[in-house]
Amino acid sequence: MRSHTGLRALVAPGYPLLLLCLLAATRPDPAEGDPTDPTFTSLPVREEMMAKYSNLSLKSCNISVTEKSNVSVEENVILEKPSHVELKCVYTATKDLNLMNVTWKKDDEPLETTGDFNTTKMGNTLTSQYRFIVFNSKQLGKYSCVFGEKELRGTFNIHVPKAHGKKKSLIAYVGDSTVLKCVCQDCLPLNWTWYMGNETAQVPIDAHSNEKYIINGSHANETRLKIKHLLEEDGGSYWCRATFQLGESEEQNELVVLSFLVPLKPFLAILAEVILLVAIILLCEVYTHKKKNDPDAGKEFEQIEQLKSDDSNGIENNVPRYRKTDSADQ
């Protein structure tokens, strides 16, 4: 009788237990981790992120709030790139602070209490600290510490640096060239972009494909847009946009393009008034001169004046006569 070999031997009577043991031995151990399991790679990724953010700079800001603060105390926190942020609120009161609580909010939404919060009480001073990492634009916004039922608060406005342009409208004339300028004080944007506004949206300006525009800047924190051969339709709104690691900031500039007839309009109006006044004076002179040279008109005027004089004299002469008659009758 032939002996069974290979798998046939394993499935023969008496060997089912051995087969199960072999299958269990070849099955991967869950404790060792599955390379396709996201939890298997989460730990190294987190360690890499922590190592990446460990070298970030620290931005620390403080706000002092008292029980007499009727309005929110605000502080601007300007960030160009990812940073560690430490926000601290110090509340001072004259009464006991044992029952005083503090709540942190972002854009008026309560933040979850984690190990990043630290609140201490000492005497009549309550100090609350919130420390976290800002690494994207979604973390920008308003962070507020709210104290007690009266909701006395201090607010930190976290945002990227602001670009600044000319506040007043820039006036230029048809055919000329003009320069629009934007500056970012104490900051270095990664990139500058110019846009022209129309009725519906902002249109990017491509200086490489259109010789009408020249974009340059002598420093990294400023940008200049030169527009050549101006037309009236070139007037309108222009935006300069500064790009940072954490977001963007833009500023609006207004350009007014006038034709050369526009400055002459006030002078033309004055000239029209002068011409009208001279015409009226000439008409008066002509009428007066014509009146002097017309003798018939003068005679008629004299006759009318003579008749008026005679009528008045006749009335005056009749009155004394009536008085004499009355005296004779008596």
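Quick reminder: no glycine exception, Cβ is built from N, Cα and C everywhere.
Keep in mind the model is a prediction, meaning the values are calculated, not measured.
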Cross-link partner of CYS145 (disulfide, per Swiss-Prot) out of CYS89, CYS182, CYS184, CYS187: CYS89
According to Swiss-Prot, the disulfide-paired cysteine of CYS182 among CYS187, CYS240, CYS284: CYS240
What is the nearest of the glycosylation sites ASN62, ASN70, ASN221 to ASN191 (N-linked glycosylation site), using the Cα of each? ASN221
CA-CA, which of the glycosylation sites ASN70, ASN101, ASN118, ASN216 lies nearest ASN62 (N-linked glycosylation site)? ASN118
Looking at the glycosylation sites ASN55, ASN70, ASN101, whose Cα is closest in space to that of ASN216 (N-linked glycosylation site)? ASN55
Cβ neighbour count (within 10 Å, all chains shown) around ASN216 (N-linked glycosylation site): 12
Tell me, by DSSP, whether ASN216 (N-linked glycosylation site) is helix, strand or coil? strand
For ASN198 (N-linked glycosylation site), the number of neighbouring Cβ atoms whose distance to its own Cβ is within 10 Å equals 10
Between the C-alpha atoms of ASN101 (N-linked glycosylation site) and ASN118 (N-linked glycosylation site), the distance in angstrom, to the nearest integer, is 12
